[in-house]
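Participant: Structure provided below as structure tokens; questions to follow.
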Amino acid sequence: ASARLAAQVAGKVLGVDMSKYDVFIQVKSDAPIIGGPSAGGTMTVGIIAALEGWKIRKDVMMTGMINPDGSIGPVGGILEKASAVHSVGAKLFLIPEGQRIQTVQKTEQKQIGPIVQITSKSEKVDVVEYARERWGLEVKEIRDIYEAVYYFTGKKIEKPSVPADLKVDTSFLKDDALKDYDETLDYYNQVENKLKNSDVSYTTYSYLKNALDEAKSKLDESKKNLNEGMYYTALSLDFQARIAIRHVDWYLDVKNEADLENLLKKVDTEIKDTENYVSNLTIKGITMLQAVAASEERLEQAKSLLKDAWSSYYDGNYWDAISNAAFAYERIQTARFWASLGERYAKGEIIERDDLKDTAREYLDNSRLIITYITSMFGEANFPDLVNLMNEGEEYYQDGKYSAAIFSAMEARIRAEVILDTLGIDNETVLMDKLQRMKEDAKVAIAIAQKEGIYPLLSLAYYEFAQSYEKQGGLENIQTAMVFYQYAKETSTVFLSTTTPPKITEEPLIPLTTPLTNHTVPQNTTSPVQQETSGYPIPLIAGTLVIGLLLGFIAGRKT
């Protein structure tokens with residue numbers, strides 16, 4: 001999966017159609033098993049160099065997964081990999097941005113009479129300083145494949161930038177948001193009066209009134225966001241409010257088991273009608289495709305919620321059954337909304353849904369690799385939501401719901417990346433620095449989409465939603481904002497293939513600042529360069545092993 005993604009990213013970076021090439025990557029190592037995504041970035045550098053005919057420095061090594069947008073993702077074992085790099089005499093080690101500070105467990109033993117007390121505590125290590133002091137090894141953080149290519153080759157590939165006139169807002173949702181707020185507020189008032197005139201007990205009344213009060217609080221927030229031009233955030237808050245309002249409304253209507261069963265059947269009918277509407281849409285252009293993909297993902301969520309509602313019904317838990325049914329019903333309305341939005345912005349060539357099959361498979365495979373990586377490090381039990389997202393994505397794929405599979409895989413991978421990228425960081429200032437870089441990357445991606453003639457509806461919505469969490473501050477809100485900025489970035493270009501070939505310049509490599517120590521490479525250590533093909537040796541770090549990478553290209557159109 002990492003190799004496939006590396007080839008795709010290399011093609012995007014250079015504006016090259018990779019369907020014209022067969023890419024062969026051979027990894028040689030004494031280890032019987034090599035796994036994980038840590039070599040993704042290195043493979044991408046190698047493929048770019050092979051395509052352009054560039055030579056690569058033999059004294060540079062790198063670790064880091066490659067992400068679909070070209071950024072270098074976080075990995076584990078940085079300290080151990082630095083040691084491996086030193087052991088083969090390399091001078092420069094490239095690591096993912098934000099990973100210079102590593103947390104290690106330090107164990108201490110203390111003899112207290114006949115008892116040995118063993119304590120373990122966390123200790124933070126600055127890998128840059130540690131490697132320089134101990135080995136004279138230069139360690140540099142890199143943000144993306146563009147920086148990696150420069151340090152390996154001395155070639156600067158021009159990066160996409162944010163144009164000065166870029167407009168990132170959700171004004172296209174203004175009329176929808178104003179109407180939605182008025183309708184939700186009216187619904188709230190109706191149900192509030194319905195509750196006051198009901199014959200429920202004091203306890204039930206208090207419980208339902210609290211639910212309505214929470215809904216009113218969401219509506220007040222929605223009004224505030226409307227006034228600030230945060231239209232998608234307002235729509236989201238209305239959606240949250242309506243779930244609670246509908247829950248109260250339907251709870252007052254249900255008097256017996258038959259009423260509840262009819263209610264669930266009503267939701268089921270709504271889902272089927274909406275699915276029929278969405279599945280029969282003719283998709284015209286990438287903008288509509290993105291909107292319909294968002295709609296189909298929400299449809300699948302509604303089905304899952306209704307399934308939970310039926311389970312609660314059969315268990316005799318009517319409260320949860322109504323809650324899930326209300327959630328499913330409102331989720332269906334959002335599915336309809338995104339589908340209608342897609343129709344509103346339909347423009348371009350017709351796109352068949354089956355055309356997404358290969359993209360869905362690639363997203364699932366790439367995401368599975370990262371989820372497996374993080375669960376192998378910290379245990380699957382600690383990340384049930386990520387595992388469930390991947391399993392749902394596989395089910396969607398098997399059912400032919402390829403757009404839903406793409407978005408499930410994307411969500412799982414992005415959440416996993418944010419976890420890895422923020423692991424052990426409790427400093428809000430450090431997180432805000434990371435957040436601002438993600439925000440800028442999202443703007444660049446939106447600009448790329450617009451340059452290609454796409455109006456990235458979903459990306460603009462997610463960008464604004466991220467802003468709403470950013471404003472609130474606090475560690476948890478910052479991490480949530482990171483997730484949505486990453487969504488904004490990824491959804492902007494998810495269905496783009498290649499881009500315009502970039503401008504490439506050659507600049508002198510920045511000299512190493514570390515005074516290098518004299519070092520002799522042990523004879524029994526694997527060399528960083530096992531073999532060369534066309535003069536392009538590619539050093540690679542995978543786990544704590546130093547291995548050689550052999551790249552071969554056969555140019556020719558596939559049949």
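Going from the start of the chain as shown, residues are counted 1 onward.
Every residue gets a Cβ built from N, Cα and C, even glycine.
All annotation found in TrEMBL is predicted automatically rather than curated by experts.
Okay, these came from TrEMBL:
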type	residues	note
ACT_SITE	SER38	active site
ACT_SITE	LYS81	active site
DOMAIN	1-155	domain 'Lon proteolytic'
TRANSMEM	536-556	transmembrane segment
Participant: Could you give the mean pLDDT over the domain 'Lon proteolytic' (1-155), rounded to a whole number?
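Facilitator: On average, pLDDT over the domain 'Lon proteolytic' (1-155) sits at 88.
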Participant: Near the Cβ of LYS81 (active site), how many other Cβ atoms are there if near means within 10 Å?
Facilitator: 25
Participant: Which secondary structure state does DSSP assign to LYS81 (active site), in the simple three-class scheme?
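Facilitator: Looking at the DSSP assignment, LYS81 (active site) belongs to a helix.
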